[in-house]
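Lifted from TrEMBL, the feature list:
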- 14-34: transmembrane segment (TRANSMEM)
- 97-116: transmembrane segment (TRANSMEM)
- 136-163: transmembrane segment (TRANSMEM)
- 184-211: transmembrane segment (TRANSMEM)
- 326-347: transmembrane segment (TRANSMEM)
- 367-386: transmembrane segment (TRANSMEM)
- 406-427: transmembrane segment (TRANSMEM)
- 461-489: transmembrane segment (TRANSMEM)
- 545-567: transmembrane segment (TRANSMEM)
- 573-591: transmembrane segment (TRANSMEM)
- 741-765: transmembrane segment (TRANSMEM)
Amino acid sequence: MVASAFLPELWTEILIPVCAVVGIVFSLFQWFIVSRVKVSGDQGASSSSGGAKNGYGDYLIEEEEGVNDQSVVAKCAEIQTAISEGATSFLFTEYRYVGVFMVFFAAIIFVFLGSVEGFSTESKPCTYDDTKTCKPALATAAFSTIAFILGAVTSVLSGFLGMKIATYANARTTLEARKGVGKAFIVAFRSGAVMGFLLAASGLLVLYITINVFKIYYGDDWEGLFEAITGYGLGGSSMALFGRVGGGIYTKAADVGADLVGKIERNIPEDDPRNPAVIADNVGDNVGDIAGMGSDLFGSYAEASCAALVVASISSFGINHDFTAMCYPLLISSMGILVCLITTLFATDFFEIKAVKEIEPALKNQLIISTAIMTVGIAVVSWVGLPSSFTIFNFGTQKVVQNWQLFLCVCVGLWAGLIIGFVTEYYTSNAYSPVQDVADSCRTGAATNVIFGLALGYKSVIIPIFAIAISIFVSFSFAAMYGVAVAALGMLSTIATGLAIDAYGPISDNAGGIAEMAGMSHRIRERTDALDAAGNTTAAIGKGFAIGSAALVSLALFGAFVSRAGVHTVDVLTPKVIIGLLVGAMLPYWFSAMTMKSVGSAALEMVEEVRRQFNTIPGLMEGTAKPDYATCVKISTDASIKEMIPPGCLVMLTPLIVGFFFGVETLSGVLAGSLVSGVQIAISASNTGGAWDNAKKYIEAGVSEHAKSLGPKGSEPHKAAVIGDTIGDPLKDTSGPSLNILIKLMAVESLVFAPFFATHGGILFKYL
């Protein structure tokens with residue numbers, strides 16, 4: 001008999017939901033503090049009593065310039081409302097379409113999985129131990145469908161609440177910038193923390209409740225229970241795909257249209273209120289970078305947890321019904337919430353930002369502090385939550401593992417995430433030579449800028465791939481596929497902090513846009529630009545984390561799928577597998593082509609509309625007439641809703657078609673091929689786009705002598721940088737981030753449908 005975990009089962013059942021509730025309460029507390037910055041005409045309201053560190057009692061340092069004018073505050077409130085209404089309207093439209101898909105796909109899950117045993121209600125021998133009886137396939141079909149809907153709804157809510165928080169905070173960040181850059185930073189960061197903790201805690205709580213409710217029916221059949229739970233990960237990721245693609249097309253169509261006509265043709269500043277696409281651009285930041293990213297990371301977390309739970313259920317944890325050890329992945333996430341809570345206080349309470357140069361180090365320190373404390377946290381969880389020795393399922397055999405080995409598996413994922421984050425920062429921050437070289441290449445025009453940017457993106461893949469490869473080797477050597485799954489969870493364990501610094505970027509970007517549109521002084525715009533530049537880099541770091549974790553999650557899901565489908569070896573020398581590899585490696589290119597073309601055609605329409613308004617509305621350039629913002633918002637909305645469907649169908653239907661017609665071996669090849677090529681393209685696309693964006697900002701800021709020699713705004717090098725930035729927009733915000741969902745989603749979908757493919761799959765090869 002294998003020893004049980006040190007932590008009693010009762011304590012586990014209390015600790016996990018308590019940590020989740022603490023996370024939710026902390027996020028509400030952060031929201032309450034942000035809400036004390038008033039966006040209204042009530043002058044006294046914005047200086048309500050409160051700690052001096054949070055700035056409520058501070059005087060406005062811009063007062064002498066008349067910036068404390070009530071009309072400016074009212075203007076900020078008006079712009080904030082327009083952005084919030086635009087984002088809400090788009091998401092409701094998107095969710096209506098996605099809701100129809102969700103119902104349709106839930107029916108497919110039920111029918112396909114129910115048909116495995118001919119819709120029988122009889123108990124069946126268990127897949128991995130035929131001496132025991134398990135619940136019927138029909139039950140797995142029903143519960144997988146329920147889990148899918150729960151995952152989808154949680155994912156949608158994660159994205160929607162994130163967007164609401166961001167649109168609530170953007171004008172407040174602008175108004176706090178009147179008191180100094182430190183005050184604005186704290187509001188933007190606190191708002192990001194609201195989203196981070198709400199998402200991490202609600203994802204954990206819903207998963208934990210779902211497991212316990214399902215357990216009432218399944219009883220001792222843990223194999224069936226955790227097989228049904230995989231639907232939760234599928235629901236989360238399928239919604240994330242539509243959120244990422246739809247939001248990405250929306251934001252980049254508006255961004256490219258606004259930049260090409262506004263900056264290059266009309267030579268007006270970014271976020272100038274005369275630009276008809278400016279509201280659509282700011283709405284896009286919220287629906288793409290916030291709602292999309294929230295759903296994406298929620299999907300990664302749900303899938304990593306599901307992959308680990310499926311493998312654990314057929315290991316000694318599940319066989320011996322050791323609930324504490326079984327919940328090890330959830331205990332890691334619970335510890336992560338507490339660690340991130342402490343880490344957040346370093347940015348908001350323990351240290352105060354006083355100068356622009358302190359912003360980026362403060363955000364980087366969040367990553368370092370959370371990783372360092374989390375290492376200790378994982379050691380504690382591994383000691384109390386795991387037996388000293390246990391066995392892990394390893395493709396048909398049981399591998400003996402020690403608890404210290406599992407601790408190292410989680411740590412290798414955690415630290416690989418930090419390495420990927422810092423490499424991403426090195427290649428995308430304008431403080432370092434790679435981006436400065438790209439900016440310098442703008443001297444000779446847009447062509448050399450594009451060449452340098454592409455080269456930078458390709459080069460930036462090298463170290464992250466080695467980090468992922470080492471993580472996979474170490475974790476698999478110690479604990480087989482379970483080790484890879486918990487390594488992915490290690491990378492995602494500090495998700496609350498990762499999301500906080502990621503959401504901070506679009507909030508700061510919006511704050512700068514509001515400052516420009518409200519006609520605030522150039523000094524306030526400089527502060528919001530400084531916040532935004534740091535946010536650009538942190539957004540790239542967030543994407544690096546998402547892609548790295550997606551690679552590990554996808555491999556863990558792949559391992560679980562191969563085990564469940566009864567494939568003992570995937571032999572690349574067999575034609576069934578090699579054709580799958582080739583097609584799988586092609587899919588990320590096909591998917592990227594679809595999303596890039598979608599952004600291009602939507603941007604084309606947007607450019608024509610912006611040009612039309614500048615040419616036909618008298619007094620628009622002079623600022624005496626108002627542009628028609630609504631038409632541009634409608635163009636982005638219509639384009640993104642229409643264009644998100646084909647890429648979504650490509651990803652969702654591929655595993656079903658391949659598994660049904662060609663069988664599990666070919667599908668194994670497709671999953672491996674898409675993982676290998678998708679990760680590379682995703683990293684290079686995200687980093688190329690991020691580098692072009694920050695090269696443009698480097699020239700615009702003109703801080704160093706080198707940057708001044710390339711500027712000012714409107715110079716030929718600056719125009720070349722803007723062209724690079726517009727090319728990079730769909731790469732870094734649409735195609736790149738969506739690819740990590742592609743590789744995860746195909747893997748989790750294959751795992752959910754594995755019983756169906758194992759029973760009915762490969763009909764072409766059966767009859768040929």
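Every residue gets a Cβ built from N, Cα and C, even glycine.
Keep in mind that TrEMBL annotations are predicted by a computer and have not been checked by a curator.
Counted over residue pairs separated by six or more positions, the transmembrane segment (97-116) shares at least 3 Cβ pairs under 8 angstroms with the transmembrane segment (741-765), which defines the two as touching. Contact check: the transmembrane segment (184-211) against the transmembrane segment (14-34) gives at least three Cβ pairs closer than 8 Å, residues 6 or more apart, which meets the contact criterion. Nonlocal intrachain contacts for the transmembrane segment (741-765), taken as residues 6+ away from its ends with a CB within less than 8 angstroms of a stretch CB, comprise 109, 112-113, 115-116, 127, 137, 140, 144, 148, 227, 230-231, 233-234, 237-238, 240-241, 244, 296, 299-300, 303, 306-307, 310, 550-551, 553-554, 557-558, 560-561, 564-566, 576, 587-588, 591, 651-652, 654-656, 659-667, 670-671, 674-675, 678-679. Outside the transmembrane segment (14-34), and at least 6 residues removed from its termini, the chain residues within Cβ reach (under 8 Å) are 7, 54, 165, 168-169, 172, 187, 190-191, 193-198, 200-202, 204-205, 208-209, 327, 330-331, 334-335, 337-338, 341, 344, 348, 496. Within its own chain, the transmembrane segment (573-591) has Cβ neighbours under 8 Å at 647, 650-651, 654, 658, 662-663, 665-678, 681-682, 735, 738-739, 742-743, 746, 765, counting only residues six or more beyond its boundaries. Within its own chain, the transmembrane segment (406-427) is flanked in space by residues 328, 332, 364, 367-368, 371, 374-375, 378-379, 382, 386, 434-435, 456-457, 459-460, 463-464, 467-468, 470-471, 474-475, 478-479, 482-484, 486-494, 537, 540-541, 543-545, 547-549, 552, 686-687, 690-691, which lie at least six positions past its ends and keep a Cβ under 8 Å from the stretch.
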